Amino acid sequence: MPIIELNTSATPFLLTGFVGLEKAHHWISIPLSVVYISILLGNGILLFLIRVDHNLHEPMYYFLALLATTDLGMTLVTMPTVLCVMWINHREVSHGICFLQAYFIHSLSMIESGILLAMAYDRFIAICNPLRYTSIITNIQVLKIGVGVFMRGFVLILPPILPLYWFPYCRSHVLSHAFCLHQDVIKLACADITFNRLYPVVVVFSMVLMDCLIIFCSYVLILQTVMSIASEEERSKALNTCVSHICCILVFYVTVFGLTFIHRFGKNVPRLVHIIMSYIYFLFPPFMNPIIYSIKTKQIRGSILQLFSLSPPRI
């Protein structure tokens, strides 16, 4: 029986920063570092508040905690290689580290889509079936949904990532970004990559598209329910509970489909635009989500003010 060996002794991959702007990498690293620190602080504060403030011990905020955890994970996965390229021009990355980074990047992207779907389900039950909300969306149910969402993301991404460890890489070892992506790595493989090309399109993209469609349908039903409410004040109150989530959905899916559109149909677009779009995709949602919830959600805004002693303690 033949022994299959991992392709671990091959030449390491070379990461790429902003092509044509290599001399300005130190300056570019300054705003990137500020954004990374803001993401860590913003999502870290959200998690801290949800943990310590008993007023936030509700399913809606537990789902928000899952979203913040995913955003932190994405930041911590991409930040080291990006800053190494920008700060010290350290471009080499081993195959194992590269594939592991690609696995977490793509998994966390799918997990974020699943969490946004779970949050839409939470808002759907809260508005369309409020009398049964506490019996349907229990803490155990939130835990089950969270485990299911994370399992879906981590399991579905395994099939296209595992073959990367056995592929021979005899072409150029230069990647297109300062982090590893599956679609970049397979372009360098000297092997049959048919499965790796088809699987992400058929399975992964279809799952994200399905999440998006279900979220859209849930909000159509929510809107119908809200419009049937006689009191204008109650309609406004019901819609306000959805505003933050809708903003996060738009931020995430607009960047997802924008990046996909650029990669698929932007062959004549300058390479710098592709690079900038990839950074927007990875940094903009994690950066904006804490800001959106801090501004639009009264309970979180109150907790933040109390945390920084800008309002009297709650009784």
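Note that the numbers count up from 1, one per residue, in the order the chain is shown.
Every residue gets a Cβ built from N, Cα and C, even glycine.
Because the structure is a prediction, the values reported are computed rather than measured.
TrEMBL annotations:
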- 27-49: transmembrane segment (TRANSMEM)
- 42-293: domain 'G-protein coupled receptors family 1 profile' (DOMAIN)
- 61-88: transmembrane segment (TRANSMEM)
- 100-121: transmembrane segment (TRANSMEM)
- 142-166: transmembrane segment (TRANSMEM)
- 198-222: transmembrane segment (TRANSMEM)
- 243-266: transmembrane segment (TRANSMEM)
- 272-293: transmembrane segment (TRANSMEM)
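Long-range Cβ contacts of the transmembrane segment (272-293) within its own chain (Cβ-Cβ under 8 Å, at least 6 residues beyond either end) map to 18-21, 32, 35-36, 38-39, 42-43, 45-46, 64, 67-68, 71-72, 74-75, 78, 105, 112, 176-177, 179, 181, 244, 247-248, 251-252, 255-256, 258-259, 262-263, 266, 300. Beyond its flanks by at least six residues, the transmembrane segment (198-222) meets 106, 109-110, 113-114, 116-117, 120-121, 123-124, 127-128, 152, 156-157, 159-160, 182-183, 242, 246, 249, 253, 256, 260 of its own chain at Cβ-Cβ distances under 8 Å. Between the transmembrane segment (142-166) and the transmembrane segment (243-266), fewer than three CB pairs separated by 6 or more residues in sequence fall under 8 Å, so the two stretches do not touch.
Tertiary proximity for the transmembrane segment (61-88) is limited to same-chain residues at least six positions away from its ends with a CB under 8 Å from its CB atoms, namely 15-17, 25-26, 28-29, 32-33, 36, 39-40, 43-44, 46-47, 50-51, 101, 104-105, 108-109, 111-112, 115-116, 118-119, 122, 139, 142, 145-146, 149, 178-180, 248, 282-283, 285-286, 289-290, 293, 299-300. Looking only at the domain 'G-protein coupled receptors family 1 profile' (42-293), the predicted model's pLDDT averages out at 91.
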